[in-house]
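Encoded as structure tokens, the structure appears first; notes follow it.
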Amino acid sequence: MTNQLMALNQVSVRNRLMPLTALVQQGEQIHIIGPNGSGKSTLLACMAGILPYSGAIDLQQKCLSQYSHCQLARYRAWLSQQISSVPIMPVFQYLQLHLAAHLVNCDGVLSELCSFFKLGKFLETPVGNLSGGEWQRVRLTGVFLQVWPSINLEGKLLLLDEPTNNLDITQVAALDLLIKKFCELGGTVVMSGHDLNHSYDKADRIWLLADGSLVANGKPDEVMKENTLSRVFAADIKCVPEKTDKYWRVFLP
């Protein structure tokens, strides 16, 4: 992980995000953690080029604002927490929206991704008929399909806002495997979440946000300190070691 993919320099959004500076390296899995309202979604939307911001964001040494929306769609995929859809649109048609018109020989990758998330029987189902977990798996399949390296050589970055929402434990495990594979192929993932144990176990680097400010940035062991987490989340958070592993628990009065 020696190649810089993205650089953020004093990025801010009025009343939502304080000036923030950070680097994203190719192949990294970065988790953004922090309380509700700390700026996680705002930061991801800025990095996706969706939300106006002050400061500078460079993607592959080029200012993010210099990319057209079509160019950005080739380089990065963004999963927001909520998205409206056309209820009668079948799943297979929704997934096709994530593919560039010039791409060919995508069937193998589509089949592999659908198998990961067990979507085969839903391909002809209208998205409006899906459960919350099924819809989340469809959306995840779409963003992976958009930047999967074997069919999109320009695909580099996945920005995922709370991607584990509505997923059960086996689906989270499948997502983790797919993220790991994407990073091994040279992709980079920046995602937000609320599961401290999951982030401690899976992240290469953690950005800890509080009140719109980046209060810590580093490896999980460097960032996830009991006093720091307790202060940020305004709760008594303890590390509970079990053999060689660590588990984070919140103790409420």
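Note: Cβ is positioned from N, Cα and C throughout, glycine not excepted.
Going by Swiss-Prot, these are the annotated features:
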DOMAIN    1-236  domain 'ABC transporter'
BINDING   Gly34, Pro35, Asn36, Gly37, Ser38, Gly39, Lys40, Ser41  ATP binding site
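The binding-site residues examined here are Asn36, Ser38, Ser41; by Cβ neighbour count within 10 Å, the least packed of them is Asn36.
Around the Cβ of Gly34 (ATP binding site), the same chain contributes Lys40, Leu208, Leu209, Ala210, Val232, each under 8 angstroms and 6 or more positions distant in sequence. Neighbours of the ATP site: apart from Gly34, Pro35, Asn36, Gly37, Ser38, Gly39, Lys40, Ser41, residues of the same chain with C-beta atoms within 8 angstroms of the site's C-beta centroid are Ser192, Leu209. Averaged across the domain 'ABC transporter' (1-236), pLDDT in this predicted model comes to 94. Sequence-distant neighbours of Gly39 (ATP binding site) (same chain, 6+ residues apart, CB-CB distance under 8 A): Val13, Arg16, Leu17, Met18, Leu209, Asp211, Gly212, Ser213. DSSP assigns Lys40 (ATP binding site) to a helix in the three-state reduction. Within the same chain, residues at least 6 positions away in sequence whose Cβ sits under 8 Å from that of Pro35 (ATP binding site) are Ala210, Val232, Phe233, Ala234. Other Cβ atoms within 10 Å of the Cβ of Lys40 (ATP binding site) number 25 in total over all chains.
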